[in-house]
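Reading through the structure tokens given below for one structure.
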Ligand code: G4P
Ligand code: NA
Ligand code: NA
């Protein structure tokens, strides 16, 4: 997605050759105009698959997921990472290990909002090692829901996340694919 790549080049900063900071429009300050375009692009890429629900994970997945949900006219569920006062039982849960942060997080979704009748699109802001995606896929499987696709805003193609999704024969679309960070510059995957 050209518009997104331009924003990454203009406003992104590379940290330590492995992390892209995009706090101007995605991870801290959010640009709703860009998010709307991202939502439209996800809706286009996953059209005609009978998708009736979107699942993401708090917090940075919520903005792109909600704009896709708005465009597709379907609800968005976000998996919670922290224990909730009001969300205590009847949960699907999975453990997500972050290689970056070296911590495990329990993620949870209420059984009320996910079932075997659902055809789910999984959306997230970043795909790195794929552990968040794998956790969300696990939760969908526990519910018996069909996973219709995975939509990612920014994929770091040099990490193993994409392979983990493809391995399960799930359709994956990433709006920006980063091949490498060379001399602190972003190099995109050639189309
Ligand atoms: P994984 O799920 O793909 O295995 O990712 P990993 O453990 O490596 O990443 C942990 C957190 O860091 C995730 O956010 C993920 O979205 C984010 N992340 C990974 N690589 C990058 C990157 O290059 N740039 C940025 N900005 N973020 C990256 P999180 O902890 O779930 O936080 P949030 O959703 O609340 O922001
Ligand atoms: Na995320
Ligand atoms: Na994040």
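Even glycines carry a Cβ here, placed using N, Cα and C.
Of the listed candidates (156, 160, 171), TrEMBL assigns 156 to the same xanthine site as 20, 27. Each of the binding-site residues 20, 128, 132 was ranked by the number of other C-beta atoms within 10 Å, and first place falls to 132.
If you compare Cα positions, residue 156 (xanthine binding site) sits closest to 130 out of the binding-site residues 130, 131, 132.
Taking the centroid of the Cβ atoms of 128, 129, 130, 131, 132 as the 5-phospho-alpha-D-ribose 1-diphosphate site, the other same-chain residues with Cβ within 8 Å of it are 96, 98, 99, 127, 133, 134, 159, 160, 161, 164.
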